[in-house]
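**Student:** Sharing a structure with you now.
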Amino acid sequence: MVADMDGEKRKRSVCSRQEPSAALKILKDGNNKRDEIPDRVTLKKEIGLLSACTIIIGNIIGSGIFISPKGVLEHSGSVGLALIVWVLGGCIAALGSLCYAELGVTIPKSGGDYSYVTEIFGGLVGFLLLWSAVLIMYPTTLAVIALTFSNYVLQPVFPDCVPPYMATRLLSTVCLLFLTWVNCSSVCLATRIQDVFTVGKLAALGLIIVVGLVQICKGNYEGLTPQVAFEFSRTPSVGQVALAFLQASFAFSGWNFLNYVTEEVVEPRRNLPRAIYISIPLVTFVYTLTNIAYFSAMSPEELLSSNAVAVTFGEKLLGMFSVIMPISVALSTFGGINGYLFTSSRLCFSGAREGHLPSLLAMIHFKNCTPIPALLCCCTATIVILCIGETHNLINYVSFINYLSYGVTIAGLLYYRWKKPKLYRPIKVNLLVPVTYLMFWALLLGFSLYSEPVVCGVGLVIMLTGVPVYFLGVYWKSKPKCICDFIESATYVAQRLCFVVFPQFDPIEISPIEEWPDKSSNILSGKS
């Protein structure tokens, strides 16, 4: 019984990663739980093909398509080039997703880029990706989506002015807290919300596309004719075109998010690539048609002067039904917040499991099997970003770090093929796919650095601040006893408050060669 255990010994048994059963015993005995606690606590495989597709689509289609058209047009200088940027942006995302499909079935761990880079290049490189993602990338993206949600919800309440600063922040915080509670309560409920709101956001974009096509059928397509579409307001430099691609990449960000929850996907070797092959072309098609619809109703000057592109579109074409647009965008961004919370929390979970973040973040609820500490960490970081001030200026920082992490990961794919040529790969993409992506990646980042050295420099500095943190927090093993005792005590208290324990894994569950013939098993065991 707990009452007979020495206090220090009890803390160590609860916090020990090697004895999850001890943690379960503490929760059973110490809290006199009414419900039966299972002897085995693991992540549940509850994400089928449909939910996998909605996670990808729902994460991509958030606020980007309602924010980025303005930035893409501003940097590209013409309607025609802006549309080309959107199509090519989707093609580049498709190339990247093919590479991630190979990595996802070869290294079937949750955590996406971070897990792959850690496996291939080692702890320091993986930690730098994790550090930049947890510190700035995902909290900022979540904050931007949450603010877009609150701005569109409050737009009908404040039709003649910008919604008040405090009102948007409060509504964004309430939305984040509610969805964090949902994700803490049930994986199944979170994925059902994702399914419903993904259908809703596709319906909203479908409405924009249909209305735009009606305009084109009526002959309102002067702005889309080649002679008008390629009239440049100013001649764009290569650096400006690169920045246009960075803006479009913000709208496409999220194409790799299913890789963050690989261990919760049903039959990941089959459903992971299928979901990618279905989702990316669909999103690219929808985004291109949506921009065509925008330009069928608005001149470039009107689009550049609009703070809410979809609302301006609705006001021009829907009349008394224009209120549908802000509601539709709000539903879209609500689903986007849910998807980002769901996937980014798994990144924290994976980082903690590898020992790169506090061990508490690697624990899951004993009954719901949800990573409650990781979810609370993501929610808190986002609220802090919301309180700091304007987040829209951070989009370029986020896009740069995003592209940097994509390139490092796909370079890792090539290195891993050279390092382990005999490893069984259920999917093996043509070598031209990663090479083409990396060529485009190098050109884009090079011209971005040349055009916006401060923005890109800040992104690099944010990432490199993780180097001393890594050596102090991860590499330095012989920390003073007082620090270790404090961490153990804090973990113990948080564990009791959240009712969380370390999950248990079968080694084969996260093996790169799960459920494959004896030939693959020989590779695993080191036999030829």
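From the backbone N, Cα and C atoms, a Cβ is placed for every residue, glycine too.
Pulled these features from TrEMBL for this protein:
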TRANSMEM  47-67  transmembrane segment
TRANSMEM  79-100  transmembrane segment
TRANSMEM  121-150  transmembrane segment
TRANSMEM  170-190  transmembrane segment
TRANSMEM  202-221  transmembrane segment
TRANSMEM  241-262  transmembrane segment
TRANSMEM  274-297  transmembrane segment
TRANSMEM  317-343  transmembrane segment
TRANSMEM  372-391  transmembrane segment
TRANSMEM  397-417  transmembrane segment
TRANSMEM  429-451  transmembrane segment
TRANSMEM  457-476  transmembrane segment
**Student:** Six or more residues out from either end of the transmembrane segment (274-297), which same-chain residues have a Cβ under 8 Å from its Cβ atoms?
**Tutor:** 49, 52-53, 55-57, 60-61, 65, 69, 79, 82-83, 86-87, 89-91, 93-94, 97-98, 100-101, 202, 205-206, 208-209, 211-213, 215-216, 220-221, 223-224, 229, 251-252, 255, 258, 303, 309, 313, 316-317
**Student:** For the transmembrane segment (397-417) against the transmembrane segment (170-190), do we get 3 or more Cβ-Cβ pairs below 8 Å once near-sequence pairs (under 6 apart) are dropped?
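**Tutor:** These two stretches do not touch.
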**Student:** Residues of the same chain, at least six outside the transmembrane segment (317-343), with any C-beta under 8 angstroms of its C-beta?
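**Tutor:** Here the qualifying positions are 55, 58-59, 61-63, 66, 112, 138, 141-142, 145-146, 148-149, 152-153, 155-156, 175-176, 179-180, 182-183, 190-191, 193-194, 196-198, 200-201, 203-205, 207-208, 211, 215, 254, 257-258, 260-261, 297, 308, 310-311, 375, 378-379.
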**Student:** Most CB pairs under 8 Å with the transmembrane segment (241-262): which of 79-100, 121-150, 170-190, 202-221, 429-451?
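**Tutor:** Going through each listed stretch, the top one turns out to be 79-100.
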**Student:** Considering only Cβ pairs within less than 8 angstroms, which of the stretches 79-100, 170-190, 202-221, 429-451 has the most against the transmembrane segment (121-150)?
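**Tutor:** When the Cβ pairs under 8 Å are tallied, 170-190 comes out ahead.
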**Student:** Quickly jot the same-chain residues contacting the transmembrane segment (429-451) by Cβ under 8 Å, restricted to those at least six beyond its ends, or write none.
**Tutor:** 92, 95-96, 98-99, 101-102, 237-243, 245-246, 400, 403-404, 406-407, 410-411, 413-414, 457
